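Participant: First the structure, which I've put down as structure tokens, then a few questions once you've had a look.
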Amino acid sequence: MDFRIGQGYDVHQLVPGRPLIIGGVTIPYERGLLGHSDADVLLHAITDALFGAAALGDIGRHFSDTDAAFKGADSRVLLRECAARVKAAGFTIQNVDSTVIAQAPKLAPHIDGMRANIAADLGLPLERVNVKAKTNEKLGYLGRGEGIEAQAAALLVKAGA
């Protein structure tokens, strides 16, 4: 079997005046993530993990932050397009595991919705998608609440392998 593992990472600054969208879920909070698209840090990390596992580059290669077409883009749409490109390259997505690091707000009440969105967008059963939430124990820029970070891992298998 031809297995491929990909790792993804993203971080965005928290700023006033933007919605906070993580895993396709809008979370009530006084600040949101700054970015060219909707700045969904979790979906961006997963997208990078999938592209990386398939050796297709990264999110910026496919959805450039200098391209006006992606200004304000819904990251769920980008994730679905990523999945289509990975499948077109001959891979089947096996599972995704991810971690969101945020001092605030509390993400636990929103994890089920995030998992459901990701599973739906990737065409996976819910039990193949995991999202964990951690704080940074008040250390560094994440601990000071200046941003939110996400990390993801994805496993692909070459179709027919």
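Including glycine, each Cβ sits where the backbone N, Cα and C put it.
Straight from Swiss-Prot, here's the annotation block:
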{"type": "BINDING", "residues": "ASP10, VAL11, HIS12, HIS36, SER37, ASP58, ILE59, GLY60, PHE63, SER64, ASP65, THR66, ASP67, ARG144", "note": "4-CDP-2-C-methyl-D-erythritol 2-phosphate binding site"}
{"type": "BINDING", "residues": "ASP10, HIS12, HIS44", "note": "divalent metal cation binding site"}
{"type": "SITE", "residues": "HIS36", "note": "site 'Transition state stabilizer'"}
{"type": "SITE", "residues": "THR135", "note": "site 'Transition state stabilizer'"}
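Looking at the shown structure, what environment does each listed feature sit in?
Facilitator: The Cβ of PHE63 (4-CDP-2-C-methyl-D-erythritol 2-phosphate binding site) has SER37, THR47, PHE70, ALA73, LEU78, GLU81 as same-chain neighbours under 8 Å, each 6 or more residues away in sequence. Under the three-state DSSP scheme, PHE63 (4-CDP-2-C-methyl-D-erythritol 2-phosphate binding site) falls in the coil class.
A simple way to gauge crowding: the CB of HIS12 (4-CDP-2-C-methyl-D-erythritol 2-phosphate binding site) has 21 other CB atoms within 10 angstroms, across all the protein chains here. Secondary structure at HIS12 (4-CDP-2-C-methyl-D-erythritol 2-phosphate binding site), taken from DSSP and collapsed to helix, strand or coil, is strand.
HIS36 (site 'Transition state stabilizer') is surrounded by 16 other CB atoms, counting those within 10 A of its CB over all protein chains shown.
THR135 (site 'Transition state stabilizer') falls outside any helix or strand according to DSSP and counts as coil. The Cβ of THR135 (site 'Transition state stabilizer') lies under 8 Å from the Cβ of ILE101, ALA102, GLN103, LEU142, GLY143, each of these being in the same chain and 6 or more residues away along the sequence.
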Participant: Per residue, counting other C-beta atoms within 10 angstroms of the C-beta, which of the binding-site residues ASP10, ASP65 reaches the highest number?
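Facilitator: It comes out as ASP10.
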Participant: For HIS12 (4-CDP-2-C-methyl-D-erythritol 2-phosphate binding site) and HIS36 (site 'Transition state stabilizer'), determine the Cα separation and express it in whole Å.
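Facilitator: That separation, Cα to Cα, works out to 10 Å.
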